[in-house]
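See structure below.
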Amino acid sequence: MPNITVTSLLAMKQKGEKITMLTCYDATFAHTASQAGVEVLLIGDSLGMVLQGHDSTLPVTTAETAYHVACVKRGNQGAMILADLPFMANATLEQTFINSATLMQAGAHMIKVEGAAWLGESIRLLAERGIPVCAHMGLTPQAVNVLGGYKVQGRLEAQARQMRADAIALEQAGAAMILLECVPSELAEEITQAVKIPVIGIGAGSATDGQVLVLHDMLGLSISGRVPKFVKNFMTGQPDIQSAIRAYVAAVKDVSFPATEHGFSA
């Protein structure tokens, strides 16, 4: 697979080719996933839950994320490396820049930040200094205590209207990509059509420009036993992990995943 860049992802959206993304935290899985055709490897703060055993993503630090970014970089075979900016790592503009630079120096190609229109100044700062940014909207796990739990966002018309406006504002601020988590499928489709940059979904229906899942979820691995509605176990019927990942890539590309049952209504 040729090296995936911001330009590559934009071209895929323009051609209508679906983008595949998986979380990844080490060199072996980075090699396996990128060889299987995954375009974007996300070093998510989900590592706090699936690797460290926490009940939320909040305890994860920038240093821990940078460590896993460096691990992924060593095994990667051409995929884009997207790194989460952890909880409170962007509390000020100075912190945003310093922590983002740390992750880029560790090997990331793009930084993901959680929030809404208030991220505009931070995104503009980073984009102007050569750091591509993915804006994570909808259900933002770092704000779980404010949101009252892991709930679908944007079901109320006022919320949906605000989310559409925020997406456009963040694109104008310089965001290179948007990730929508747990929003009604119809709203996700509207946002995808409203912006020129790629929109990746998780629990956001099939009309987005691509999909992302937590690696452990799509392999059927879970400590709690609770499986989110938007997850499919791609390990079922497959002889090995790389085959399962290839099945995920194929299903996203031919739009057989996500199916209607993996999404949410307004």
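Backbone N, Cα and C define each Cβ position, glycine as well.
Over in Swiss-Prot, the protein carries these features:
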ACT_SITE  GLU181  active site, proton acceptor
BINDING   ASP45, SER46, ASP84, LYS112  3-methyl-2-oxobutanoate binding site
BINDING   ASP45, ASP84, GLU114  Mg(2+) binding site
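Sequence features annotated in Swiss-Prot and their locations in the structure.
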{"residue": "ASP45", "record": "3-methyl-2-oxobutanoate binding site", "Cβ within 10 Å": "29"}
{"residue": "SER46", "record": "3-methyl-2-oxobutanoate binding site", "Cβ within 10 Å": "20"}
{"residue": "ASP84", "record": "3-methyl-2-oxobutanoate binding site", "Cβ within 10 Å": "30"}
{"residue": "LYS112", "record": "3-methyl-2-oxobutanoate binding site", "Cβ within 10 Å": "23"}
{"residue": "GLU114", "record": "Mg(2+) binding site", "Cβ within 10 Å": "24"}
{"residue": "GLU181", "record": "active site, proton acceptor", "Cβ within 10 Å": "22"}
### Task
Could you tell me which three-state DSSP class SER46 (3-methyl-2-oxobutanoate binding site) falls into?
coil
### Message
I need the CA-to-CA distance for SER46 (3-methyl-2-oxobutanoate binding site) versus the residue listed as 'active site, proton acceptor', whole Å please.
### Response
13
### Query
In whole Å, how far is ASP84 (3-methyl-2-oxobutanoate binding site) from the residue listed as 'active site, proton acceptor' when you measure between their Cα atoms?
14
#### Entry: GLU114 (Mg(2+) binding site) and ASP84 (3-methyl-2-oxobutanoate binding site), Cα-Cα, nearest whole angstrom
9
### Task
Among ASP45, SER46, ASP84, LYS112, the annotated 3-methyl-2-oxobutanoate contacts, find the widest CA pair distance and round it to a whole Å.
13
### Query
In Å, rounded, how far does the Cα of ASP45 (3-methyl-2-oxobutanoate binding site) sit from the Cα of GLU114 (Mg(2+) binding site)?
11
